[in-house]
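See below for the structure under consideration.
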Amino acid sequence: MAATSGAVLNGLGSSFLCGGKRSQALLGASIGAKGSPSPAAGTRKLIVVAAAAPKKSWIPAVKGGGNFIDPEWLDGSLPGDYGFDPLGLGKDPAFLKWYREAELIHGRWAMAAVVGIFVGQAWSGIPWFEAGADPGAIAPFSFGSLLGTQLILMGWVESKRWVDFFNPQSQSVEWATPWSKTAENFANATGEQGYPGGKFFDPLGLAGTIQNGVYVPDIDKLERLKLAEIKHARIAMLAMLIFYFEAGQGKTPLGALGL
């Protein structure tokens, strides 16, 4: 009986059921306390252990492989984290945070670009890589004016994002924006880097609600949308890479589809 009990306790303490070293340590402490003799020797106690959810893998069918398949520095906490980091770029937590920020920004621009390329060509019939030089293109500004304006406006926005990345919540104060009455719109309503939410960045209330004039994030909705966004962002970035290769051959996405 004693041997059977010992085997059961050892099985409950295994990494397969506990899910990690921290859980094993907590369980071991609990088992040690429970296993000591007590006055109520006839009392039966049941230990229930919840198995941790397994980490998702970018190659689910392959087991092992070390850090190439299952990097130890990726714990699955980031949305869309499937353990893909063969070059080890995210070993440093600071770099990992920056790479995730860069992935989000590039992915969001790629999603906007893919839609713009399809809609623009379907509307005008002009290939996206020739739209700026086409005489029939609608251009109320000269190229120099447009470039200068974009550099100034984009430079201002990107500089604010850069400062906010290293000093979160620093850009929602009134002196940091020319519109002091709307400074609160630039505050991070969700408390998570890269997902500001609020009235300004979530006007449709997709990830939260307005209660008594205050934006209140819905955590469940926000988590689902973060996962959906990063998946669509990655697909859009791959699509843009394909568009560039097609443009090098003088082809367009609609042309490749026979439209």
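Including glycine, each Cβ sits where the backbone N, Cα and C put it.
What TrEMBL says about a protein is an automatic prediction, not a curated fact.
Under the heading chlorophyll a 1 binding site, TrEMBL lists Glu103, His106, Glu229. TrEMBL lists Arg108 with the feature chlorophyll b binding site. Residues annotated as chlorophyll a 5 binding site in TrEMBL: Arg234.
The record gives Glu103, His106, Glu229 for chlorophyll a 1. Within 8 Å of the mean position of their Cβ atoms, the other Cβ atoms in that chain belong to Ala102, Leu104, Ile105, Gly107, Arg108, Ala110, Ile230, Ala233, Arg234, Met237. Here the Cα atom of Glu229 (chlorophyll a 1 binding site) is found 8 Å from that of Arg108 (chlorophyll b binding site). Of all Cβ atoms in the shown protein chains, 18 besides its own fall within 10 Å of the Cβ of Glu229 (chlorophyll a 1 binding site). The CA atom of Arg108 (chlorophyll b binding site) is located 9 Å away from the CA atom of Arg234 (chlorophyll a 5 binding site). Here the C-alpha separation of Glu103 (chlorophyll a 1 binding site) and Arg234 (chlorophyll a 5 binding site) works out to 8 Å. Long-range Cβ proximity for His106 (chlorophyll a 1 binding site), meaning a same-chain Cβ under 8 A and a gap of 6 or more residues, is found for Ala233, Met237.
Among Glu103, His106, Glu229, the residues given in the record as binding chlorophyll a 1, the maximal Cα to Cα distance rounds to 12 Å. Close to Arg234 (chlorophyll a 5 binding site) in the fold, though at least 6 residues off in sequence, lie Gly80, Glu103, Gly107, each with a CB less than 8 Å from its CB.
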